[in-house]
Amino acid sequence: MITKTPKNKRQQKQGMLDNVMRQFNHAADIIGLNANIRKILEVTNNELVVHFPVRMDNGEVEVFTGYRVQHNNALGPYKGGLRYHPTVDIDAARALAMWMTWKTSLAGLPYGGAKGGIQLLPSKYSQSELERITRRFTYALGDNIGPELDIPAPDVNTNPQVMAWILDTYMSTKSPNERSKNMHVVTGKPLGVGGSEGRDRATGYGVFLSIRFWAENKKVDLKGKKFIVQGFGNVGYWTAYFLEKEGAILTAVQDAFGSIYNEDGISVEKLLEYSQANKGSILGFADAQAIENKDFFGLDCDICVPAALGNQITAENASSIKAYLIAEGANGPTDVEAEKILLKKGIDIIPDILCNSGGVIGSYYEWLQNRNGEIWHLEEVMEKLEKKLRGSFSKVLKTSKERGVDMRSAAFIIAIERLEQAYEQRGIFP
Ligand SMILES: NC(=O)c1ccc[n+]([C@@H]2O[C@H](COP(=O)([O-])OP(=O)(O)OC[C@H]3O[C@@H](n4cnc5c(N)ncnc54)[C@H](O)[C@@H]3O)[C@@H](O)[C@H]2O)c1
């Protein structure tokens, strides 16, 4: 069932939703956002919650809960990832959908924002169970997603294989004549089924580029700089890969299983090989020592890359942070109270809606190729991505200087102003 969020004041729980609303309201206050447009943007357009049964390998039936929240589509079809994690709930989906709206707007893409997923712990299920769960979820979403309506992509614990199952299920529900027109219903697909070169690394490459643009601006040489990464999945790994290639040194990693540290450096490729052979866990890697999770963010380093979940840097650990740059690979990793502490300490933060926007930009290129029947080379994708991201980064720096605000506020201002203009020009139906 699709339900409209009440347009009156929405209850705000502490958590990611509270953070994104505070970030939005702060920027909206600075620009004096039109009060009517503020009313529209502070709520989500549509919220879909589905409960669906799936037969497990042992013959038992389990019922799952899936979400898809469509925040805004004033600039184009809804766009955003699907997350498989126990923390997925309606508020998480709302918050992440809102961040997608600001991200696609800031990047100048013809997209709105959405997010969703299933509340589950994927490691509890076999591959064939995950396939049936994904297919049944896709079926339950039905025509609430679509290549010109709402286009999912990978997020935490989902990957190209999951996108291929979604594509196949969605296409199977269409008449044969319609099927090939629906390739762009999801992005982040494997190359064999319409995926794009470079989409696998697009988010991490974008995080790396953001750090490089920041370093260019500050006249900092990244060679020999020490960095730590929380999350060693798609975003964490590729960010570390490109930073290491630039001469920076990975000294600590934290994932869902624990934290490891080596002040002399951890080889990114060796750690990847190890974690792939160890069910995705970095724990036990021979060339580093295990440390307590609570000590991770306080480690001595130059750059900190949170690339896992939201609300990881909080008022509790912010004052212990020694890095002078935080590059937000994850969505919403720094809460509002922590950000105040960090900014006071003079720590720079490249905000998520800019820093990890390489992912949705890469998805846009995949979508365009599918839509136009084209196949681009890796170099072409990477060059286009770099050019686009450089443009966004410069705009954020310029706005930050002109308005005398931090980078997150600047990024939000640009994103909100683009939406404000769209609403002013379109008007409100009827
Ligand atoms: N995949 C993308 O293209 C993309 C794009 C933009 C933003 N993001 C954001 O980046 C973040 C990571 O996404 P991903 O695609 O790399 O996911 P992933 O599933 O590939 O990897 C997630 C990583 O985080 C670790 N992790 C999970 N819970 C943790 C915890 N409590 N503490 C420490 N580590 C934990 C996991 O062990 C894993 O290493 C998310 O916030 C996501 O929304 C992803």
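Each Cβ is built from the backbone N, Cα and C atoms, and glycine gets one as well.
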Pick from K103, K340, K384, K387: which one does TrEMBL list with K79, S363 for the same substrate site?
K103
Give the subset of the recorded positions K79, K115, D155, T203, S363 lying near ligand 1, defined as CB under 6 A from any of its atoms.
D155, T203
Please find, for K79, K103, S363 as listed binding substrate, the greatest distance between any two Cα atoms, in Å.
13
Far apart in sequence but close in space: which same-chain residues, 6 or more away, have a Cβ under 8 Å from N234 (NAD(+) binding site)?
P154, N159, D200, T203, G204
Sequence gap of 6 or more, Cβ distance under 8 Å: name the residues on the same chain that satisfy this around K115 (active site, proton donor), in order along the sequence.
R68, V69, H71, G80, G81, L82, R83, A93, L96, A97, W99, M100, D155
Extra residues within 8 Å (Cβ to Cβ centroid of K79, K103, S363), substrate:
G80, M100, T104, A107, L109, Y111, G113, A153, S357, G359, V360, I361, Y364
